[in-house]
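Beneath this line is the structure, given in structure tokens, with notes to follow.
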């Protein structure tokens, strides 16, 4: 089983959720659903319960201005998130508001966090210095040095199509320890495009306007080729990383999806 650690299943681009899940099962891909505010967290919860998978509940930094975090009480909620900082789009939420809402969520002292960091690395790491938890910085688009700081903090790094957009991203992947990597589509966004530096590392590219969880194999193929390792070695390591991060509740999902 492969885990897509980020699927925005509540996005309107998913016209037929049942069909998406069917494709996932055929491809042996388990998607984890992302909440970005209370409404999407609740919807992700409902989908996770319906399809025997997991979800995150949280407030995305871009929704910090008009959101109040309310925990969704469900054993399907595997982490708080998506939460963090995003300084690329400050028109949606100010820096101070983002920091405040981020800290509110960190103060919940959850076991795991699904984290967002865009153009905000220094403030992001400064805030995290006061906390210790399991976490993954998803959709990583930072530098090699930034990735090293994140790994030193004991966090995983999520790689998707946007992570492979330019040559800096390729260097990041080359330098990442295998035991620090988790993979994601962030569907329906972040598909590898033909203009991306990572495109040349995908042998079996599928042309789609929107991304889908079952296309996670493009990311896996690209990482294996960038790091020049056999794909089965990468798959085995990703399985170990996923179980290390998500624990027994993910293993339970594996059992149900194999039925």
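Each Cβ is built from the backbone N, Cα and C atoms, and glycine gets one as well.
For 82, 186, the entry in Swiss-Prot reads divalent metal cation 1 binding site. DSSP classifies residue 82 (divalent metal cation 1 binding site) as strand under the three-state reduction. Within the same chain, the residues at least 6 positions away from residue 82 (divalent metal cation 1 binding site) whose Cβ sits under 8 Å from its Cβ are 34, 35, 36, 56, 58, 60, 114, 115, 116, 138, listed in sequence order.
Swiss-Prot lists 82, 116, 138 with the feature divalent metal cation 2 binding site, giving similarity to another entry as the kind of evidence.
Neighbours of the divalent metal cation 2 site: apart from 82, 116, 138, residues of the same chain with C-beta atoms within 8 angstroms of the site's C-beta centroid are 6, 34, 60, 81, 83, 84, 114, 115, 117, 137, 139, 158.
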